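Q: What follows is a single structure, and I will ask about it in a moment.
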Amino acid sequence: MSDPRGVSTIDDSIAQAARVLGSASRVLVITGAGMSADSGMPTYRGVGGLYEEQSTADGVAIEEALSGPMFERDPALTWKYIAQIESACRGARPNAGHHAIVDLADHVEHLCVVTQNVDGLHRAAGTRELIEMHGNIHRLFCIRCGQSRTVPDYSRLMQWPPRCGRCNGLERPAVVLFEEMLPSSALERYQRELAGGFDVVLMIGTTAVFEYIAAPVRAAASGQGTAIEINPADTPVTALCDIKCPGPAADVVPAIVQQLETRGF
Ligand SMILES: [Zn+2]
């Protein structure tokens, strides 16, 4: 991608991002669906790829099938569509972008990843400071006694819908369904992180529709740090960002880390 002067604009933005990150001590990374797109995943929120018509075989909108009220009314129906999503994601592996974030953490004093994704790929890549704001599709918990467990996938669940091994209560995945609140434990941890301040807010593959995502970007824009966006397309917060790297996460994040390492920023 070149502008009329023959200068590669994506390379310029990658160099700028590497320079800023190289001198940062506290970095907040916020990731969304675009982060996992390069792992070949359909995404939980971006269910359009799975349900083009927005309506399920059961005659309800996918947002309704995957909602908290539907789970209470008809858990088997919600489970049916969660299982389809889990099945489509099965076998997905962290991509070069997930791994590059782990490498980036070695170059700064503190790096925290906040993700909208429920696929567990940041955890699989080895990110330690991680807030999975919308939960993790591989973690199940009993709605009666609260006992939880983590499963590699849903292929070996003994019962369907799955039930608790301790009290036989119904289990559900530890993900935020439509019309449900974000988990208070994740929100509180996020607030503590924000209170510590950040030199750089790095948004990757998120459309920033949630206020909790847009707020730290606005804070950076008002002079409290540098906001960087990595996304092939523009988003509602692009105009607020100091640096925009227009490209896919799996290409851009490794390129930034490579520059940071080779140039010694
Ligand atoms: Zn139980």
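A Cβ is built for glycine as well, from the same backbone N, Cα and C atoms used for every other residue.
Keep in mind that what you see is a predicted model, and the values were worked out from it rather than measured.
Not my notes, these are from TrEMBL:
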- His134: active site, proton acceptor (ACT_SITE)
- Cys142, Cys145, Cys164, Cys167: Zn(2+) binding site (BINDING)
- 7-263: domain 'Deacetylase sirtuin-type' (DOMAIN)
Q: Have a look around Cys145 (Zn(2+) binding site) and count the other CB atoms within 10 A of its CB, chains all included.
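A: Its Cβ shell of radius 10 Å holds 12 other Cβ atoms.
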Q: Whole-number Å only: compute the distance from the Cα of His134 (active site, proton acceptor) to the Cα of Cys142 (Zn(2+) binding site).
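A: Distance (Cα to Cα, whole Å): 18 Å.
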Q: Can you give me the same-chain residues 6 or more apart in sequence from Cys167 (Zn(2+) binding site) with a CB-CB distance under 8 Å?
A: Cys142, Arg144, Cys145, Gln147
Q: Restricting to the domain 'Deacetylase sirtuin-type' (7-263), report the mean pLDDT as a whole number.
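A: Reported value for the domain 'Deacetylase sirtuin-type' (7-263) is a mean pLDDT of 89.
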Q: Within 10 Å of the Cβ of the residue listed as 'active site, proton acceptor', how many other Cβ atoms are there?
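A: That number is 21.
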Q: Starting from the Zn(2+) site formed by Cys142, Cys145, Cys164, Cys167, give every other residue of that chain whose CB sits within 8 Å of the mean position of their CB atoms, in sequence order.
A: Ile143, Arg144, Gly146, Gln147, Arg163, Gly165, Arg166, Asn168, Gly169, Glu171
Q: For Cys164 (Zn(2+) binding site), which residues in the same chain are close in space, meaning a Cβ under 8 Å from its Cβ, but six or more apart along the sequence?
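A: Result: Cys142, Arg144, Cys145, Gln147, Leu170, Glu171.
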